[in-house]
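Report on the following structure.
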Amino acid sequence: SGSSDPYCVVKVDNEVVARTATVWKSLNPFWGEEYTLRLAHDFHNLDIYVLDEDTIGQDDVIGKVSLSRQQISAEPRGVDSWISLAPVDPNEEVQGEIHLELCIPEHPRVLRCRLIEARDLAPRDPSGTSDPFARVSCCGHTLETAVIKRTRFPHWDEVLEFEVAEDKQGDAVLSVEVWDWDIVGKNDFLGRVEFPLDTIRATPSKGWFQLLPFPSATEAHGAQLGALRLAVRLVEDTVLPHLYYQPLIQLLAESILCPAQPATGTALAILEEVTSGESRQDVATKLVKIFLAQGLAVPLLDYLTTRELARTTDPNTLFRSNSLASKSVEQFMKVVGLPYLHEVLKPVVNRIFEEKKYVELDPGKMELSRSRRVRISFKGSLSEAQVRESSLELLKGYLGDIVDAIVGSVEKCPLLMRVAFKQLRRRVEERFPSEQHEDVRYFSISGFVFLRFFAPAVLTPKLFSLREHHADPRTGRTLLLLAK
């Protein structure tokens, strides 16, 4: 069809840790999915594979992006860019570790390599196993271990020795490769690891070492496969016992519990001043969680919104910026109101996904030919007016159901949300009391409830856990028009 059904698989050290939803019929997919992965301190690689889902047969691998721990750690603010996809040859994908003991005794000068075992090797045979053996090379000499049949966890416990001449010690390297032995055809590569002799001489090595692929020579092909936009950040958090955080929590809470303090000198006021745009979401998320746990979420929002009201001179711009107040209210609604959101929107959203009706209002995007029509009951070619009329009826029907569900859900709206918005309405009335600003009290609330709560959930239901998968292009267009 000239398109793909792409999804991503995230691996850490060859272990699958996440899978995105599939975006159907698209060569320019948007996922917008975020994962928080708790990793071991000694992890090596983060790999993201882009695949094309097939209903029949095996999914096709389009390409991958590989980031080492060093690459991610080198960027304090994280990696955030387009990265070209590299080709993937299934026979060159490696995984697993090898257990080695390496040393160079002074007398005699011999490199002793003890190959103990390997684990979690890639399966290369139809049986789901491999027939692994190790090949060790140093100073122009190569030795091999025995082949262990039908296993991904071979145990060799063999010692291979190499004479190390004085004149060949400079840049010499010990190479250990693991291969899958095949009785017919060439052997399959399973991974490798290298050690400069100087490091072995200085410190004998013993332990588990991750198997690595051959250095890639396929970087230039990336542009042909497309690129993946990633934002990856490595954060190391040290979590202390709860009591260590109490002084900080008390300091933050004093801002709203002791109104006699000067408003500009409180901990919350200072935090608001120093919080940059890119970190505002993180700060808002943490503040809402802390104050919810203290039973002080509503006073927190009242404090932040009151400060923003004091800074606002034009009521038409109220809460339109991504300030700490706006982000905190938005996060508060997500935490407190997600079950409510599901109860209100899920029936209508599910119906839109199931019906897959054709909806379009833009004349430049309309499909008027009969051959491209789906689920439209007119006969022959359609006129612009007919498509617009049909689309308007469908949109009005869906939108009517959504509005009816919202209006009829007053009693189901979480009490905390209702109390928070009642307080917000009172503060807005105090700040803009004149009759010409009478509607501002309602706009201030609808700006949050609709623009930052219901509309985004209608636009991308997957990001609010309303659906397991993203919408196909046709359904996505309907959702976009409804959200607008």
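Just so you know, glycine gets a Cβ as well, placed from its N, Cα and C.
Record features (TrEMBL):
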- 1-83: domain 'C2' (DOMAIN)
- 94-209: domain 'C2' (DOMAIN)
- 279-484: domain 'Ras-GAP' (DOMAIN)
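Each residue in the domain 'C2' (1-83) gets a DSSP state, and the totals come to 5 helix, 34 strand, 44 coil. Summarising model confidence by region, the domain 'C2' (1-83) averages a pLDDT of 87. Counting residue by residue with DSSP, the domain 'C2' (94-209) contains 9 helix, 59 strand, 48 coil.
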